[in-house]
Amino acid sequence: MPKKSDTTRKLEDVGIEIDGDVDSAEEDKKSKGKGGKKAAGGKRGKASEDGEDEDEDDKPPKGRRAANKKKPAPVDEEDSDDDIPQRRSAGNRRRGNVRERGDGDKKKSGKKGRRGGKKNEKGKGKDSDKDSDKDEKKKKNSSGDESDSDEEDESMSEGEMAKLMEEVEEKKKLIANIRNKPWRMRRRLKVLKEAQQFVDKFEGALGKGKGRKLYAYKVMMMKKWIKFKRDFENFRTACIPWERKIKEVESHFGSSVASYFIFLRWMYGMNLVLFSLTFGLVVIPEVLMGLPYGSIPRKTVPREDQDTAMDYSVLTDFNGYCKYSVLFYGYYNNQRTIGFLKFRLPLSYLMVGIGTFGYSLMVVIRTMAKNADVGGGDGEDNEFTFAWKMFTSWDYLIGNAETADNKYASITTSFKESIVDEQENQKDENIHLRRFLRVLANFLITCTLGGSGYLIYFVVKRSQEFQNMDNLSWYEKNELEIIMSLLGLVGPMLFETIAELEEYHPRIALKWQLGRIFALFLGNLYTFLLALFDEVNAKLEEEESIKNASIWFLKEYYANYTANNPNDTGTPPPINPADAIRGPCWETTVGVEFVKLTISDIQVTYLTILIGDFLRAFIVRFLNYCWCWDLEAGWPSYGEFDISGNVLGLVFNQGMIWMGAFYAPGLVGINVLRLLSSMYYQCWAVMACNVPHERVFKASKSNNFYMGLLLLILFLSLLPVVYTIMSLPPSFDCGPFSGKERMFDVVMETIDLDLPAFMGTLFGYVANPGLVISAVLLMVLAIYYLNSVSEAYKNSNNELKKKMQMARDEEKNRRNNKDSTNQVMKDLEDLLPNRPPTPPSPRENIAEKNQGQGGKSAKVKPGTAGGVHLQKDVSLASANPNARGPVTRAPGPRGPGPLPGQPGAGRGQGPPPRRQ
C-alpha cells in the first residue's frame with residue numbers, strides 16, 4: 001500500500017475530498033488505479049482538474065438540496081450567500097461531501113506551495129495561473145448565485161411550505177403566550193428573542209414569485225396594525241381617570257372599599273354625559289340666542305329685592321340673582337323658536353328632561369347586564385383558595401418598587417379576606433337565639449324608619465308656617481335641610497350598632513345595612529316630596545289669584561295711560577319688568593329646595609370627614625403618647641371607612657339630582673363638581689385618616705347590588721317628574737311651558753305645526769290607551785318568558801357545574817386510589833374470581849425470564865390469595881387497567897438495575913441485566 005502524505009491523510013480524516021491539483025502525479029495514477037475510491041458514494045462524477053469543474057462540484061445538486069432541505073433560505077435577493085442555510089443529508093455528511101469555499105482554496109494553494117519535492121509537473125507558474133482562472137470564473141459565477149438561490153427557494157414542495165407555515169404559527173403562538181410559561185425571566189427573554197428572529201427571518205418565505213413582495217407587505221402591515229392596537233389599548237387604559245388612586249386604595253383597604261370609588265367614578269362619567277346634554281341643548285342656547293337679562297319680568301329681579309339681591313345670606317339661600325338665572329326653570333322663555341337657527345327651546349327642554357331618565361335607565365341596565373356574567377365559571381376559586389393565591393398572585397413583570405409594595409399589600413389583604421370567608425363557613429351558632437336577635441333588630445330598625453319619616457313631615461309643615469313670618473333665625477330658615485342631613489348622618493351609625501345583634505357575614509351584613517339606609521333615605525326623600533307637593537298645591541291656588549290680579553293691573557295701566565295722555569295715539573310703553581306682578585313660580589321653588597338640599601348634603605359630608613376622620617386621626621396620632629390610655633387600641637382609635645353610608649349617600653344624592661334636574665338645569669353641573677371633588681377629598685381621607693376594617697371581606701365581583709339600588713331610586717325619581725309633566729299645570733309667567741295647559745302639550749304643538757298631517761294621526765293611534773295597555777302587557781309577557789328561559793339556563797349551568805365537579809372528584813379519587821393501601825380493599829380484590837388481564841410490568845417480565853432460566857419460583861405479591869396470577873392483580877378503583885400506578889415508596893437513590901420500561905439500560909453501580 002503506497003504511503004500517503006501527511007497533508008493528504010489530514011484532509012481525508014476530516015472528510016475533505018482531495019482534488020487532482022493537490023495530489024502528486026504518482027498519487028494521481030494510484031487513485032485512478034483504485035477505480036475512483038475517493039468519490040463519495042459513487043453518485044458523483046470524478047472531479048475535473050480545471051477550476052470550473054471544481055466550482056461546479058462545490059455546489060450541491062439542486063434536486064437533492066430541495067428534497068433534503070428542512071428550512072428555506074431567505075427570500076430577499078439582497079441576502080448574501082452566507083445567509084443561505086446549507087442543507088445536506090446525513091449520508092452526504094458521512095461520506096465527506098462537505099467542501100470549503102474561499103478560505104479552503106487559499107489553504108490549498110498555500111499547502112501546494114509548501115510541498116517541495118511533491119510538486120506537479122506544471123510548476124508554480126501554472127498553479128498560479130490556474131488559481132487566477134478560478135478566481136475569475138468564481139466572479140463570473142457570483143452573479144448567478146442569487147438567481148440560483150431563488151430557484152432553490154421556489155423549488156420548495158408544498159409539504160415543506162406547509163411545515164414552515166406551521167412552525168411560523170407555532171412561534172407566533174409562543175410569542176403571544178410567553179407570559180403564561182412557568183419559566184425564569186432569563187429563559188423567557190431568550191426564547192422570545194429566538195422566536196422573534198425565526199418569525200422575522202422565515203415569514204416572508206411563505207410567498208412565491210411575484211406575490212412574495214405583496215405577502216411581505218401584508219405581513220408588515222399586520223404587524224404594524226397589531227402594534228397600533230396594543231399601543232391604543234395601553235393609551236386607553238392610561239386615560240381611565242383615577243385608576244392609580246383606586247388601585248392604591250384597593251391594595252391597602254381591600255376590594256370592598258375600592259368598589260365604592262369605582263362606583264363613584266362610574267357615577268361621575270354618567271353625570272358628565274347628563275351635564276353635556278343639559279348644558280349643550282338647554283343652557284347654552286338660552287344664553288346665546290335667548291333674550292338677555294332684564295328684558296322680561298322672568299329674567300329680572302323684582303324692584304323690592306334688588307337692594308339685597310347680592311347679599312351673601314341671600315345668595316346662599318339661592319335667592320336674589322341666583323334665583324333669576326339659568327340655574328332654575330323660571331329663567332327660560334316660552335318662545336317657540338329662538339335665534340337665527342330657529343331653535344325650539346321648549347321642545348328641547350322637555351326632550352332633555354325625558355332623555356335624562358332614558359339615558360340613565362339605559363346605562364344602568366346595560367351595566368347590570370354586563371356585570372351579570374362576572375364571576376361565573378370560576379369553579380377553581382372555590383377549591384384550593386390559599387394555594388391559588390400563594391402560587392399565582394404575584395406578577396413577575398413588576399419593575400417598580402411602589403407597584404411592588406401595592407401588590408404586596410393587595411395579596412396580604414386578599415389572604416385576610418379569604419381567612420374571614422373560611423372562618424364564617426366553619427362557624428357554629430345557636431339558631432334559635434340568632435333568630436330572636438335578628439327579629440328584634442329588624443323591629444328596632446322599623447321603628448327608627450317610621451320616626452324619621454314623621455320628623456321630616458313635621459319639619460316641612462313647620463317650614464311652610466315660617467314662610468309667612470319675618471325676622472327668622474338662621475336655624476329656622478335652614479331647619480329642613482339640617483334635620484335631613486342629621487338623619488342621614490346619625491341613621492347609618494344607629495343601624496350599624498343594631499346590626500351587631502345579627503352577626504351576619506360581613507358581605508351579607510353590608511347588604512342589609514345598605515338596604516336599611518336606602519329605606520331611610522328613600523323614606524325621607526318621599527316624605528319631603530309629599531310635603532313639598534302640598535306646598536305646590538297651595539302655590540297653584542295662590543297663582544290663580546295673582547294671575548287675575550296681573551290681568552286687572554295690566555288693564556288698569558293701559559286705562560290710566562290713555563286717560564293721562566289723550567292726544568297720544570300710539571301704543572302705550574311696556575311696563576318695566578322689575579315692576580311687573582310676579583307669580584309664585586312653583587317650579588323654581590321646587591328647584592331651589594333641591595339645590596339647597598344638595599348643597600347642605602355636600603357641606604355635612606365634607607365636615608363629617610374633616611372632623612370625624614381627620615381630627616380624630618390627628619388626636620390619636622399626636623396625643624397618644626401623653627394620654628391616660630392607648631388611644632389607638634381603645635377609644636376613639638382610628639376610623640374605618642363607612643362603605644354603606646358613603647354608597648347610600650351617593651345613591652340618595654343621585655336620586656335628588658334626577659328629580660331636581662328638571663326644575664333646576666344647573667343642578668347637574670353642581671353634582672359634577674361635587675363628584676369630582678369627592679374623589680380627591682375622600683381618596684386623601686381614606687389613605688391618610690382611616691385604617692382597614694378589622695374583618696376584611698371581598699366585595700362582589702360585580703357592583704350589581706349598587707346598580708340595583710340605583711335602578712330602584714331611578715324609577716322612584718321618575719314618578720314625580722312624570723306626574724308633573726302629564727298632570728300639573730305650569731306657571732303662567734315663568735318657564736318654557738308657560739301659557740299651556742300641560743307641559744306635554746308642547747309635543748302635540750310640534751306635531752301639529754311642524755310635521756305632516758298623517759304623523760299626527762299616527763301619533764294619535766299610538767297614544768291610544770288600548771294600544772298602550774296591549775303593548776305593556778306584551779312587554780310584561782316577553783319579560784316573563786325571557787326570565788323563565790334565563791332561569792332554565794342558569795339551572796342547566798349549575799347542573800353542568802355539579803357534573804363537572806363530580807367527574808373531577810371521581811378522577812382525583814381514582815388517581816389517588818390506584819394502588820390502595822387499605823387492607824380490607826386488598827382482601828376484597830383477592831376474592832374476585834374474574835379480573836381483566838393487564839400487561840405485566842417490565843420488572844415482572846424480567847422475573848419471569850429469570851424463572852424460566854434458573855428454575856426459580858415466581859414471586860407472590862404480599863396480600864394476594866393463592867392461585868391468583870400477578871398479571872391479573874387489578875385495583876378496584878382503577879377504570880383503566882393500563883394506567884400507571886402511583887409511586888408508593890419513599891424518595892431516595894435508585895438502586896442497581898434497569899430503568900422501568902428499559903430492561904437493557906442499567907443504572908446505578910450494579911451490572912445491567914443478563915441478555916438472552
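Cβ from N, Cα, C; glycine included.
Among the ranges 439-459, 607-627, the stretch that Swiss-Prot annotates as transmembrane segment is 439-459. Membrane topology taken from Swiss-Prot puts Cys322 and Asn471 on a shared side. As stated in Swiss-Prot, the feature transmembrane segment covers range 272-292 out of the listed 251-271, 272-292.
If you look at the transmembrane segment (705-725) against the transmembrane segment (650-670), you find at least three C-beta pairs under 8 angstroms, all six or more positions apart, and that counts as contact. Sequence-distant contacts of the transmembrane segment (479-499) (same chain, six or more residues past either end, CB-CB distance under 8 Å): 441, 444-445, 448, 452, 455-456, 459-460, 462-463, 466, 509, 512-513, 516-517, 520-521, 524, 528, 596-597, 600-601, 603-604, 608, 642, 644-645, 648-649, 652. A Cβ distance under 8 Å defines the sequence-distant neighbours of the transmembrane segment (439-459), meaning residues of its chain 6+ beyond its ends; these are 479-480, 483-484, 487, 491, 494-495, 498-499, 501-502, 516, 519-520, 523-524, 527-528, 530-531. Among the recorded stretches 272-292, 345-365, 650-670, 763-783, the one sharing the largest number of Cβ pairs closer than 8 Å with the transmembrane segment (517-537) is 650-670. Helix, strand and coil content of the topological domain 'Extracellular' (726-762), in residues and according to DSSP, is 17 helix, 0 strand, 20 coil.
Only residues 6 or more beyond the boundaries of the topological domain 'Extracellular' (726-762), in the same chain, are considered here, and those with a CB under 8 A from a CB of the stretch are 297-298, 329-334, 336, 344-347, 349-350, 536, 540, 543, 547, 550, 582-588. Remark: secondary structure over the topological domain 'Extracellular' (538-649) totals 78 helix, 2 strand, 32 coil, with classes taken from DSSP.
Model confidence over the topological domain 'Cytoplasmic' (1-271) is summarised by a mean pLDDT of 60.
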